[in-house]
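Visitor: The following block contains the structure, expressed as structure tokens.
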Amino acid sequence: MVLVLILNCFKTGGLVVESFPFISPYYKNNCFLKDGKPFQYISGSIHYSRIPHYYWKDRLVKMYMAGLNAVQIYVPWNFHEPVKGEYNFSGDRDLVHFLDLANQTGLLVILRPGPYICAEWEMGGLPAWLLETPNILLRSSDTDYLQAVCNWMNILLPKVKPWLYSNKGNIISVQVENEYGSYHACDYNYMRTLRTIFRSFLGADTLLFTTDGDTERALSCGSLQGLYATIDFGTDTNITKAFRLQRRFEPHGPLVNSEFYTGWLDHWGEVHAGVDKWNVSKALREMLALGASVNMYMFEGGTNFGYWNGELKPLRSISHTYDYDAPLTEAGDPTEKLLLIRDVIKQFRDVPAGPMPPATPKFAYGFVTLGKVKGTSRPSGLELWEPTPLISPLNGVHDRAYVTINGVFQGILERDTALVLKVSGKQGDTMDLLVENMGRVNFGSKINDHKGILGDLLLGSDVLTNWEIYTLDLDGAIAGGWPHSEARRFPPADGRGPPAGPMFYMGTLKSNGVARDTFLQLKDWSKGQVWINGVNLGRYWSSRGPQQSLYVPGPLLSATQPNNITVLELEGAPECPRVLFMDRPHLNRTVGRSGGSAGVGSRHPGRRDPGDGVSVHGHVERTTHRERSILL
């Protein structure tokens with residue numbers, strides 16, 4: 001039953017026409033006013049940080065042709081300021097170019113600049129360098145945190161101000177923070193300070209809003225006077241009940257679902273998520289019939305390139321793909337879900353004439369055989385002592401540590417799950433720990449997510465001390481040509497068999513005159529990272545799933561020159577180390593969670609130094625054993 005409180009503002013008249021570009025809630029008739037006329041936005045989320053910039057226009061045109069009149073975007077702070085005080089707004093980070101393309105396409109923009117964004121993104125978009133300040137309280141009125149936020153907004157907000165609708169741009173509203181009511185702090189002074197910052201940079205006429213989940217606690221802590229309170233929910237929610245809750249915090253004005261979930265995210269080791277297309281179209285029709293403005297999250301999900309994925313909680317990492325079962329696939333291809341959505345939108349507004357733009361061309365390049373990289377092979381023939389437990393008593397390994405002794409892989413220490421590992425060696429041997437960051441927590445109370453070795457390790461009863469930590473710039477080394485610039489490749493069949501533990505592999509995809517989108521499958525590989533022509537595609541975890549292929553955008557490939565492939569396998573490669581380039585993705589195969597600690601020969605993840613000499617030295621009390629810890 002439709003609430004009597006819900007009024008369809010499109011059946012009312014007598015509205016005041018403004019003489020300049022203007023958008024605001026119209027509380028009398030429960031709708032938005034845009035230039036003095038009733039306005040309902042039908043929007044879709046797209047993350048420019050998850051889509052290569054050369055495909056932005058293609059995706060925006062498809063969203064426009066689907067009938068949308070707006071797009072919603074996050075601005076990830078850490079994407080633009082990965083190092084404190086060093087800002088990047090070029091290439092895939094060119095926010096202003098994205099806004100311009102959306103404007104050229106005829107799409108309005110709902111901007112979500114954070115500073116926290118969640119988004120299943122590394123640390124919810126907050127830069128990790130914030131954690132260098134001891135005891136900093138994120139997302140609060142902590143003075144160190146607020147100073148960093150103010151410095152960032154002093155860079156960001158002047159860039160977007162010319163694009164505000166009141167300045168004849170296409171940004172119609174700006175979100176303050178993100179789902180703050182789901183955070184434990186509930187710090188109203190923090191939200192008031194953000195409101196002051198946003199108003200000082202963007203002016204009194206800018207429509208500022210908040211978004212929270214459909215619970216009273218979330219809206220109580222997340223909303224604030226002067227910020228229009230909106231709500232988010234999916235197809236499994238009672239729409240009338242959800243909007244009734246919004247009405248408790250906004251008795252009048254437009255109904256808004258800022259995140260209507262068209263799909264869902266994937267975690268490693270779980271089934272590929274999805275939402276039924278008929279349920280999506282049915283719920284969308286019902287909300288639009290109520291006069292509600294709706295943003296569909298996501299309309300295209302995209303890809304977690306590199307190391308940008310987040311974690312819902314420790315070791316529940318978001319997968320490389322952010323396909324999200326969205327109306328546009330990870331590769332930007334229209335789906336049946338999109339066509340159903342367009343049919344619904346046609347009932348409420350005019351949809352651009354003409355056919356939907358087609359999918360981008362795909363190509364199956366076939367198999368490529370790889371060889372091990374010289375200098376990363378496994379030593380043998382050690383004299384071993386009796387196995388001794390290596391212990392992380394305070395759960396201080398964040399997230400996975402690969403343990404080798406004189407280059408012989410021993411197994412893994414893993415946060416929360418594998419705190420003891422039996423290792424073997426001899427007195428005076430060198431122990432290496434290679435620590436992998438699986439993505440910082442992006443949601444909840446644990447976003448202060450430090451990485452590395454955070455507590456003592458014991459070898460038997462001896463405390464390992466005097467650690468030195470080295471970070472590895474693998475992206476920089478591989479973008480600079482390593483290992484392909486050196487004669488480092490073993491023949492593909494060298495008779496040694498696949499070693500356990502971290503190992504680099506390399507190979508070449510020969511050019512054939514075609515550079516099209518493709519999907520890289522690493523069947524029978526375990527877990528690791530892939531680079532194509534020096535660009536970090538992201539993680540694979542074939543042994544766990546569900547994702548079994550990585551999206552390779554066509555413009556990354558050369559149609560005329562050999563294409564370099566570099567693979568860091570962390571657990572163990574197949575007997576025949578080859579990869580397959582396909583013309584379609586494989587996203588739905590769950591193999592199951594691998595075990596915790598293991599002995600030599602087991603397959604476990606980690607990362608490996610690309611060259612010799614990156615070592616850190618320490619000592620074990622009362623012995624002459626040496627340790628090294630290497631972090632990426």
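Numbering starts at 1 and runs along the chain as displayed.
Placed from the backbone N, Cα and C atoms, the Cβ positions cover glycine too.
Under the heading domain 'Glycoside hydrolase 35 catalytic', TrEMBL lists 32-347. Among the features that TrEMBL reports, active site, proton donor is placed at Glu179. The feature active site, nucleophile is assigned by TrEMBL to Glu259. The domain 'Beta-galactosidase 1-like first all-beta' annotation in TrEMBL covers 385-473. What TrEMBL lists as domain 'Beta-galactosidase galactose-binding' is 502-560. What TrEMBL lists as compositional bias 'Basic and acidic residues' is 618-632.
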Visitor: Could you give the number of helix, strand and coil residues in the domain 'Beta-galactosidase galactose-binding' (502-560) as assigned by DSSP?
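Guide: So the domain 'Beta-galactosidase galactose-binding' (502-560) is made up of 3 helix, 27 strand, 29 coil.
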Visitor: In sequence order, what residues of the same chain, 6+ apart, have a Cβ less than 8 Å from the Cβ of the residue listed as 'active site, proton donor'?
Guide: Cys118, Thr211, Asp212, Gly213, Ala218, Gly222, Asp232
Visitor: Taking only the residues in the domain 'Glycoside hydrolase 35 catalytic' (32-347), give me the average pLDDT of this model.
Guide: 97
Visitor: Within the chain of Glu259 (active site, nucleophile), which residues six or more apart in sequence place their C-beta under 8 angstroms from its C-beta?
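Guide: Same-chain residues close to Glu259 (active site, nucleophile) (Cβ under 8 Å, separated by 6 or more) are Ser45, Thr211, Asp232, Phe233, Asn295, Tyr297.
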Visitor: Using DSSP, what is the helix/strand/coil residue split across the domain 'Beta-galactosidase 1-like first all-beta' (385-473)?
Guide: 0 helix, 44 strand, 45 coil
